[in-house]
Each structure stands twice: as C-alpha cells, then as structure tokens.
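What TrEMBL records for 129 is active site, proton donor. Marked as substrate binding site by TrEMBL: 93, 114, 117, 168, 380. TrEMBL lists 212, 243 with the feature NAD(+) binding site. Taken from TrEMBL, the feature site 'Important for catalysis' applies to 169.
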Ligand code: NDP
C-alpha cells in the first residue's frame, strides 16, 4: 500500500470512529477521499501536515433550541444547526435547509461539500451550512415567520458579513430569507451582507433566484461541448420542482434541450411537449402546491406516483435536482437503460457511490454536484460584493459573470484531472481543484 493510500485509510478510520452514526457525512468524506490518492502521492507535505484530519473536523458546530408558537397557540420546539466548517479562504458561506430530515450528519455532509464547491468558484468564500428539522410544508405564513424569527434570534449571535453569511437551500426561499433578514436587522441593525438570496428591494442580486439552475445548465453545456455535442434536440429528465429544478428547466429549453420530466417527493410528471417552467413556477413558487397539479393543468402531461428515476422513458441527459441519494445503484441502472449519456447534479450528493460507479462503468459523462451546482453560491458571493459596493448590477451582468464562473469551474476541473493523471474524470478534477486551493491556504496559515 502506498503512503498516500495508507494515510487516507487511517484518517477515514479516525473519522468513522468519531462519528459512526453520521451516515451522510461519512459518505461524503468517503467519496471525496476516493479521489485523493494522486494528490497525496504528489504532495507528501500534505500528509506531514495532517491536512485531512484537520479539514474533516468542522471549525465550529452550533446546535440550538428553536421554540416557536403555532397558529393554534401550541408551543413547538425544533432543533437548529450551523456548522462553520472551514474559513481558510474566506467567511463561512452556505445555505440553511428546513426539512424534517435535517440532522447533524446532513448539515456536516453539506458543509463539507460546500468547502470545495466554494473554492471552485474562484471567489473568497469558506464553507458552512445550517438548518433545522422544522417542516415548512403545510405551515401558514405566520407560522413560518415565527419560526424564522426564533431561529434567527439564536443564529444572529454567530453570523456576520465578514464571518458567516447564510443563504437558502431546501425549504428556504425568498419568503424565509425575508423573515430571517428582518429579524436579524431588528436584533443587530442593518447589515445587508449578512444573508444572501434577499429580495431585490432590500439588497438582493438580480439572477440569484435563477443562479443554481442556470449555472447547472451552463456547466452541463460545457461538459457536452467538451465531448463534441450540446443540448440541441436532447431529451432531458429533471427531478425536483423547486428552486434549482425550475430554473434548470428554463435554461435547458433556452439552450435547445427538451425537459420531459420534473417531480416532487410524491411523484413526477412526464410532458412530451416539454415541461413548461412557467406553470411549475406558478404551482411551486406562488401557490405552494404539488407537482400533481401540473398534469391537471397541462393536457400533454401525465402524473405518476413514485420516483422519476424508476420511470422507463427515453432521455439523453439526467439532471437530478431534488435531494441527496435520490439515485441509487438500481435507479442508476434504469437511468442508463433509458439512454442517458450524461448526468449532471443540481442537488447535493444526489447519486450514491453505487450510482456513480454505474455511470463511470457505462461511460456516462458525470458532472458532480460541487462543480455543477456551484452557480448558486457563486451569485451569492456576487450579491455580497454588490452589497459591499452599494451597487446593483443588471441581470445581464450577473448572468454573464455566472456563465464565466461555470465555464471556469469546468475548465479548472479538466485541468486538475489532466495534471493528476485522471483525464476525463470530472469528479476527481473538481475535488482536486477545490481541495488544493483550500489545503494551500491552510498550510500557509500554520496550525489552523
Ligand atoms: P426546494 O425546497 O426549492 O425544492 C426541493 C425540491 O426537491 C422539491 O421539489 C422537493 O419536493 C424535492 N425534494 C426535497 N426533498 C426530497 C426528498 N427527500 N425526496 C424527493 N424529493 C424531494 O430546494 P432547492 O431547489 O433549493 O434544492 C434542491 C437541491 O439543490 C438540494 O439538494 C440543495 O441542497 C441543492 N442546492 C440548492 C441550491 C440553491 O441555491 N437553492 C444551491 C446548490 C445546491 P417536496 O416539495 O415534495 O419536498
């Protein structure tokens, strides 16, 4: 066994021993370590500095009680988290997730991934993530507001525009960011840069809402072009019907593809005429309804219960945009049998290790989440820049910068893969490019 492999295995054993019950976190670390051997073979100084054991331990984990009152006057309690994972290259940056499944393992996996994603954007932002096991589904606007106010009452003690800047994620969109920001402002005074994804009238950036979905489409377009093809005439399967999915559907159509599916946690629709993103937007963003409603409104669409990744329908490209581990080995086999030649991830860690192995074995182009969905956080960082400068850029200017950032991410991933002898492996390339920048910053800063 090489010194590098030995080091990777011994650090993983320590992490597994420390947190044996954190399945999602262990999965994210394991996937990452699997691509790191060439880096540690080339850079024994990283082993000397025990960089990985330091990097996998969050700088700070904050867990807190979130008491709130429902509309019937009941006192409810949820659990809040903020994991400030790594600040080597800039303030912690990463979203807040509100979903009943949220626990420390999920927040740590997301925070860990965020370190490398943020590094890949080329912007000066560190990695963090947070959230709560609060379920926003079925809650009134007033309940959402009271929850957000209580959550921020505690979180406000730990964040700041130069230290930690949260944004949205699953269950946190413009409405929630508004309530969170309003409470922060009452407690600590106006400080526009403290959250991103804000409304346009109070410091938000044009194109932030669209950024993750648009960025995913730009990244995928780069990946296709590097392989002598593009979106023109391609059939595309999308999962999810939230922020990422909606704007991926819009941009893929603009780039010449036809999106034939989208979904929520109950089921999916197939629309052979191409999914109309405006209808999805109306249902999910305005009415806060279910994707089933789409089939009631659009004659060419059919609704089916279950996972879209079990559907047997032909497509060329798959864009999972819902949640972690939505495609396992069996579903990946279906995706491949359906004809997919490329998979790019809008959601964080939507493919299990078995699914990734299946793509690689079948020669399917694979764009990993930390590269393909980095557009959201990139535009969040641009929102921070605009707030600091007290300027607002036009939609076109932000969108152009987003496109350039996604092109750079793809190019840097390709370059790193070539440099470390794993050409064509965009997963390894993204991990290596994201990691080396953070590792070098940590080395330069001494024992941090
Ligand atoms: P939203 O809350 O806007 O939408 C999430 C969508 O995924 C909904 O359609 C939801 O359906 C579905 N979904 C959520 N959980 C599950 C589940 N367990 N099983 C099946 N479907 C599920 O979230 P976003 O669009 O913002 O986020 C989607 C993914 O993209 C997440 O992995 C997130 O971490 C990632 N991401 C988001 C970014 C952003 O800027 N928003 C940036 C980078 C990554 P339902 O309504 O039924 O729950």
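Just so it is clear, glycine is given a Cβ too, placed from its N, Cα and C backbone atoms.
The shown structure was predicted, so the numbers you read here are calculated from the model rather than taken from an experiment.
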Next on the checklist: What is the set of residues, excluding 93, 114, 117, 168, 380, whose C-beta falls within 8 angstroms of the centroid of the C-beta atoms at the substrate site?
Outcome noted: 94, 95, 118, 125, 129, 167, 196, 376, 377
Next on the checklist: Whole-number answer please: how many Å between the C-alpha atoms of residue 114 (substrate binding site) and residue 212 (NAD(+) binding site)?
Outcome noted: 14
Checklist outcome for this item: Among the recorded positions 129, 168, 169, 212, 243, the ones with a Cβ under 6 Å from any atom of ligand 1 are 168, 169, 212, 243
Item to check | Candidate with the highest Cβ count within 10 Å, taken from the recorded positions 93, 117, 129 | outcome: 129
Next on the checklist: At a 10 A cut-off on CB-CB distances, which of the binding-site residues 114, 212, 243, 380 has the highest count?
Outcome noted: 212
Next on the checklist: Quick check for the class: what is the C-alpha distance, in angstrom and rounded, between residue 168 (substrate binding site) and residue 129 (active site, proton donor)?
Outcome noted: 10
Checklist outcome for this item: Spatial neighbours of residue 243 (NAD(+) binding site) among the recorded positions 93, 117, 169, using Cα within 10 Å, are 169
Checklist outcome for this item: Note: in the chain of residue 169 (site 'Important for catalysis'), residues six or more apart in sequence with C-beta under 8 angstroms of its C-beta are 94, 95, 96, 97, 110, 129, 131
Next on the checklist: Between residue 380 (substrate binding site) and residue 212 (NAD(+) binding site), how many Å separate their Cα atoms?
Outcome noted: 10
